[in-house]
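Asker: Below: one structure in structure tokens.
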Amino acid sequence: MEPDSNYKYGIKSTFSQCLALVGAGFLQVGVGTQLICSTVIIGALLDHSNENERLTMTIEQMSWFGSLLYLCTPLGSVFSSLVLDRLGHKNCMIITNIPYLVSQIIFFYAENVETMYVCSIMMGLGVGFSGGPFSAYLGEVCEPKLRGALMSATNVFFFSGSLLLTTIYAITRQWRLTVLANMAIPIITIVILCMSPDSPMWLLSKGKTEKAQRTLSKLRGWVTHDKCSNEFHEMVVFMSANKNSSNDKNGKNNSDSSWKQLMQPDVLRPFRLLLIYFFFSNLLSGVPFGPYLVEVFLTFGANVDAQWTVAFSLCISIVGGILTIFLVNRLGKRFLTLTTLSISSICYISIGLIGIYWTDSNQIKSWLLLIFFFISTLVASFGIMPIGWILLSEIFPMKSRNITCSISSTLSFILSFFMTKYYPNVVYLVDFYNTFTIFGFGGLIGCVYFYFCLPETENKTLQEISEFFK
């Protein structure tokens, strides 16, 4: 039986899937606020106008505070991979909000750097725990033609969370009050997730066939079982094939866990591709200087308020996220990757060359630097930044999807840790503007690699994508 990539359920199916993903979307709002939290706090501590602030940090302490979140995500991801099969995607996404909520409470009362480190570690654990369940859930709940668009929509939630936190701070100029207001996000997320359905794939893996079929019927617009019987049959065949691939001819399990399956070609090939994708995506989407964004804007020298400029850059990212929803299905992930990575690279090179060779310090130069930065932010937010996470949800075979999603998101955050932690050192060694130039030329190398190695996965079923990598 040939897989059908377009099951033609209608608008009710789209609405039902959007409704089911609201909880996952709010989870991304929380991730967005957590990842921008260090940017807000470091920017606030660099602003010495608040005489009542009793907390101070050195540059070295700021680099650790801004990067510890990324370093600790592996622990959260490892723990997530151990319990994901048992608890399911939905319950794991609920659990991830607990360290998030506790960290915001501790932030509010923090009086020393060590306490700030603890909060960053807790947020890292929560973010790491959420990566695998979130990506696997979206990949299994969405039908193929909507997977890319709905995954992109959650990227809008991510940027909205970051924008929310920066806007609150830009208005209040009190970072403690900002994190106090932020406590509402994990509470709302838990409530919504409690009402969300489990993944039909996960229910099938637990032998709950009837519940899986009922859930799929609801996710496809509350249709009859007959209407979604073809898709459900493909799920059953897909699950059986992956189950048999990990057993020998006598029915015995060849491996004690999914970990040993990582070296199989149909797992290793997409795993290697995704790791390289995350490297170039992080490099060209502003991750290295994320916590230092206020300082970056001050260095550009434009006559603007740095805090509101951060908020504006996040507004641009939201626009990019919305563009992804409408463009990814029409243009495909491969085309968007090559186009946006190329443009971002050129913008970074332009910033570097202007900063180095335009020696006159004036507002025209400053605004040019800012405009190129905003262009790179826009194109990265509707291309290389969200597409990596879309690929994460769809390119791995079912037999190892939970563990590979967790490991891949973990390695992405480890890359983010090194890029963030040692960004000040790189700037010290090669100069601020040379850093942009180096990143830009690195991005062009990435374009060459993806031209030859990145397949198109848009409008492909999970089974078709899995067959490509075998």
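A Cβ is built for glycine as well, from the same backbone N, Cα and C atoms used for every other residue.
TrEMBL entries are annotated by machine, without manual review.
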Asker: Tell me which range among 97-114, 187-204, 403-420 TrEMBL lists as transmembrane segment.
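Answerer: My reading of TrEMBL: the transmembrane segment range is 403-420.
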Asker: Mean pLDDT, the domain 'Major facilitator superfamily (MFS) profile' (18-458)?
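Answerer: PLDDT averaged over the stretch: 86.
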Asker: By a Cβ-Cβ criterion of under 8 Å, what residues six or more beyond either terminus of the transmembrane segment (306-328) are in contact with it?
Answerer: 36, 39, 43, 148-149, 152-153, 155-156, 158-160, 162-163, 166-167, 169-170, 173, 293-294, 297-298, 336, 370, 373-374, 377-383, 385-387, 390, 458
Asker: How about the transmembrane segment (273-294) and the transmembrane segment (115-138): at least 3 CB pairs under 8 Å, pairs 6 or more apart in sequence, or not?
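Answerer: As far as Cβ distances go (cut-off 8 Å, pairs 6 or more apart), the transmembrane segment (273-294) and the transmembrane segment (115-138) do not touch.
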